[in-house]
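**Student:** Marked as transmembrane segment by TrEMBL: A:20-38, A:50-70, A:82-103, A:153-172, A:187-211, A:223-245, A:257-278.
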Amino acid sequence: MDITRQRSFLHDEAQFARALARASAGAIIFALPLLMTMEMWELGFYMDRFRLALFILVTLPVLFGLSYFAGFEETFCWQDDLIDALSAFAVGFLMSAALLTVFAIVRLDQPLPEIIGKIALQSVPASIGAMLARKQLGQQDDADRERRIRSSYPGELFLMGAGALFVGFNVAPTEEMILISYKMSPWHAVALAVLSLGLLHIFVYTVGFAGQESAGDDGFLSVFLRFSVAGYGIALLISLYLLWTFERIAGLSMMELVTATVVLGFPSALGAATARLIV
Amino acid sequence: MADIRQNDIESRSAPRDEDGSASVSRLAWVSSGLGLLLFLGSVGVLGYEGVTRGSGPPVITAVVEAVVPAGPRWLAHIQVTNDGGKTGAKVQVEGQLMAGDEALETATAEFDYVPAGSEQKGGLFFDRDPRAHTLRLRVLGYVEP
């Protein structure tokens, strides 16, 4: 294992410093829309503390998985992935802290839990952004890695989940999610669900996973069920989790709850479908 | 973590080649250690806050901090404090200058949010000098965020 570990960037000080700088850029670029969203600052101090703590806890395995599939640097064993995941969290946290301080959202005269809450919530998208920086800002994956990811079905499902979480999170905190669902009739909701599933399938089929080998081997129904339906299911579950985390579903009737989940499920499904592009 | 350390010590004694050092670089240790610290720290603070902060309603009080002239009028600096368990949104505060039982003047201010356990500042404008009368402050209401 030592031989492969030597190849990793994180064993070279200068290389790792460059990777960290790239991660910082990714954290800022990917988290910027949320850093400048009012609801995010407010959620940081009033949302349920346990739900926020759970959300932070969930972030680490996601970062770990992203590092395994596409980190800000090449990794060759799980210890490297853990180091990268923790480094990405550090970068995301510090970047969020710095920008929120410059924006005067975080001030030193505020109570500590309020400051920590605001920064911790922002550090979730920022650390994911830090982790994605390599794919977006750095060099491309080599062919071996691509093959490793493509060959694993759980890996595909994880990436779809991560894509759904990232894109869904970008809109989930806003009031508009609930507002849109209030305006929609049940028929609008059905139409949106069909549209989400259809777009998800088209994206998966054309730009996603089945682009090369799978398209030839598997029939339409197999790809549709294994990737599109499964992916939409994941997107809906993640949407529901995000709505619950941000306390958007308290007091909603079952119909409103389903509609709100479908509304957020739309961006989440697109995130799941394009996960291979982003991640 | 112990596993990594073990690995690190082992690889340190391993021969090095031109590809770079065999051990994980110091910078990687620093950044991942910092990440672990921030991760555990924020989860810890949030968890502690969740345990200790009650789940009761907002308990919001308002006090006058100072009265200063503001142009031709008077400004009363006020501070609202929430000692309850939940955050209050759209918190309305009303100040009345009283002469006996009669209100001479009324001014209101609305705070977007008064988070649980925190203080927010604001001000009320009056035509008369509040120091010459009794200033009665009342927190009128809030909505759940």
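Quick reminder: no glycine exception, Cβ is built from N, Cα and C everywhere.
Show me how these features fit into the structure around them.
**Tutor:** Beyond the transmembrane segment (A:20-38), the same-chain residues lying 6 or more positions past its ends with a Cβ under 8 Å from any Cβ of the stretch are 72, 87-88, 91-92, 95-96, 99-100, 103, 122, 125-134, 136-138, 166, 169-170, 173-174.
Cβ atoms under 8 Å from those of the transmembrane segment (A:82-103) belong to residues 10, 20, 23-24, 27-28, 31, 35-36, 41, 59-60, 63-64, 66-67, 71-73, 75, 118-120, 122-131 of the same chain, restricted to positions at least 6 beyond its ends.
If you look at the transmembrane segment (A:257-278), the same-chain residues 6 or more away from its ends with a CB under 8 A from one of its CBs are 132, 135-136, 159-168, 170-172, 177-178, 180-181, 184, 186, 189, 192-193, 195-197, 199-200, 203-204, 207-209, 231-232, 234-236, 238-240, 242-243, 248-249.
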**Student:** Between the transmembrane segment (A:223-245) and the stretches A:50-70, A:153-172, A:187-211, work out which stretch tops the count of Cβ pairs under 8 Å.
**Tutor:** A:153-172
**Student:** Do any residues of this chain, six or more beyond the ends of the transmembrane segment (A:187-211), have a C-beta under 8 angstroms from a C-beta of it, and if so which?
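**Tutor:** Contacts with the transmembrane segment (A:187-211): 150, 156, 181, 218, 223-224, 227-229, 231-232, 235, 258-259, 262-263, 265-266, 269-270, 272-277.
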